[in-house]
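J.: Per Swiss-Prot, topological domain 'Cytoplasmic' is recorded for 1-125, 169-172, 217-235. Sequence annotations record features per position, and here Swiss-Prot assigns transmembrane segment to 126-146, 148-168, 173-193, 196-216, 236-256.
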Amino acid sequence: MSNFDNFNTDFYQTSYSIDDQSQGYNYNAGGAQYSKQYPYDPYSQQGGFILQEMNQQQQPYTGQIYQPTQTYTPTATESVYGSTFDDEPPLLEELGINFDHIWQKTLTVLHPLKVADGSIMNETDLAGPMVFCLAFGATLLLAGKIQFGYVYGISAMGCLGMYCLLNLMSMTGVSFGCVSSVLGYCLLPMIILSTFAVIFSLQGILGIVLAALIIGWCSFSASKIFISALAMDGQQLLVAYPCALLYGVFALISVF
């Protein structure tokens, strides 16, 4: 026992007293700061987040199936270009077909003495010329003349020649589409000549006189439109001569 007392005395520090152990210590004196701490468990917190997300996902749907509560907001692209077919322009407008301008150009050709509107005639409109070319070929077909290839070939060569000639004569220049449009619209009187060829034969004095009048009508209308669109004052006769040569070929196809 004496050895044990010596051991205890040697083990503790000299300033430490065993009697101090009898004094009680209040763990609650420090408040929540000295409360019991548990070790960190990352899986427990992760499980809490998962349960919270599951509770949020399992909330009942308060809206209706066919009437969702959240409205659709279009993107910036859809706001600019439109998201429905109602916002799109008409198909004829996208193709560049304007029936008002087609009618005005047709009236300009049918009235040779009428002043042509250069702003309208300077447009590239090939819808009317294509219709008139098909109508001219159809009337020739009714007369027993299958000349669609000649009509298209002569039209292409004539438009190309007039395009080169007008670019040399005018100061502003002209596009190939504008030349084709004007020459195609001025083909309308030639359809009248081919229609007469269906009713009676044009191989005579009456046919020659009628063909000459139609050629003068077509060439005068075309030259008037070119002069108005290209501001070529005083050069109408110079423009009318090659136009008369072109429409003379169509007249020969209609008569013979």
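The backbone N, Cα and C atoms fix where each Cβ goes, glycine too.
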J.: For the transmembrane segment (148-168), could you work out the same-chain residues 6 or more beyond its ends whose Cβ comes under 8 Å from its Cβ atoms?
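T.: Contacts of the transmembrane segment (148-168) (Cβ under 8 Å, skipping residues fewer than 6 from its ends): 133, 136-137, 140-141, 174, 176, 179-180, 183-184, 187, 226, 230, 239, 242-243, 246, 249-250, 253.
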J.: Cβ under 8 Å to the transmembrane segment (126-146), counting only same-chain residues 6 or more beyond its ends: which ones?
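T.: Cβ under 8 Å, 6 or more out: 95-97, 102, 105-106, 152, 155, 177, 180-181, 183-185, 187-188, 190-191, 194-195, 197-198, 250, 253-254.
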